[in-house]
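Visitor: Quick one: this structure, given as structure tokens, is what I'll be asking you about.
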Amino acid sequence: MTATIIDGKEAAKEMRQQLAEEVSRLKEKGVTPGLVVILIGDDPASLSYVRGKKKAAETMGMHFKLDHLEDTIEEDKLLSLIDQYNQDDSFHGILVQLPLPKHISEKAVIERISTEKDVDGFHPLNIGKMLLGEETFLPCTPAGIVELLKKTNTDLSGKEVVVIGRSNIVGKPVGQLLLNENATVTFCHSRTKDIGAHTRKADILIVAVGKAHFLTADQIKEGAIVIDVGVNRLDSGKLVGDVDFEAAKEKASYITPVPGGVGPMTITMLAHNTVKSAKNRM
Ligand code: GUN
């Protein structure tokens, strides 16, 4: 079998067109959805992600501000800045780009962002709501993955899903969202004894470990759907995912490429959450 490539760029483009229309309708009513991104330091990957967010937000007609801070900023100062944005009506979404410098507590930062402006969906209260299946801001990468799976017209109910990776940003929440869709979800991680024994049973595989060529074709069941969340830069400069794409695409029914798979959808879901927040305020 040769897999159909799930085109994340195209899916994102369609959704961005709809969002742009929604932004213009909101603007006619006097509300411009606004997003502020706080970036601390000059990590090249973070800079590149933030540029993507800015471009997407501006293309959709949203108000975007980048607050770029020195990596020596004290935690107290950062928390006061978040307080300021919590009060500022021109911003409906606040995103603090992770990872943070070691002297700043990620937990303190995430918990300081107003739950009503938490467009990352990382606040414990919003994660709790997601767990309960209540209406809230869904974390962007997991929500984007669910949208991509819907593009394959697969009924998720009863499907064997294996998630590799258990991060708070991707692994844990994507498993939860798919459980909410009635899938049977298994989480694999660095302590799992025999990952292949699990993956070979999976109808849907979600790989989010951050290691190039981590998932090989022999670990994939014929006809499985493979979602590759990894973004790894090889010494050659080439960007690759966590899946051995060339071999895996001969076994999977659907597969996401890197780049051009999950990434564009993540940014689109951030815009979606910002528009949702603006509408909540009306
Ligand atoms: N760093 C890598 N991914 C993310 C994300 O989704 N949100 C934030 N805030 N930082 C990140």
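The backbone N, Cα and C atoms fix where each Cβ goes, and this holds for glycine too.
For 6-120, the entry in TrEMBL reads domain 'Tetrahydrofolate dehydrogenase/cyclohydrolase catalytic'. The domain 'Tetrahydrofolate dehydrogenase/cyclohydrolase NAD(P)-binding' feature in TrEMBL is assigned to 139-281. If you look up TrEMBL, you'll see G165, R166, S167, V231 marked as NADP(+) binding site.
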Visitor: With every protein chain in view, what's the tally of Cβ atoms within 10 Å of the Cβ of S167 (NADP(+) binding site), excluding that atom itself?
Guide: 15
Visitor: Just give the helix, strand and coil counts over the domain 'Tetrahydrofolate dehydrogenase/cyclohydrolase NAD(P)-binding' (139-281), going by DSSP.
Guide: 53 helix, 26 strand, 64 coil
Visitor: Per DSSP, how many helix, strand and coil residues does the domain 'Tetrahydrofolate dehydrogenase/cyclohydrolase catalytic' (6-120) have?
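Guide: Its residues fall into 57 helix, 18 strand, 40 coil.
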Visitor: Greatest CA-CA distance (Å) over the residues G165, R166, S167, V231 that the record ties to NADP(+)?
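Guide: For the residues that bind NADP(+), the greatest Cα distance is 16 Å.
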Visitor: Considering every residue in the domain 'Tetrahydrofolate dehydrogenase/cyclohydrolase NAD(P)-binding' (139-281), what is the mean pLDDT value?
Guide: 98
Visitor: Within the chain of G165 (NADP(+) binding site), which residues six or more apart in sequence place their C-beta under 8 angstroms from its C-beta?
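Guide: Residues satisfying the criterion: G171, C188, H189, I206, V207, A208, V209, G210, V229.
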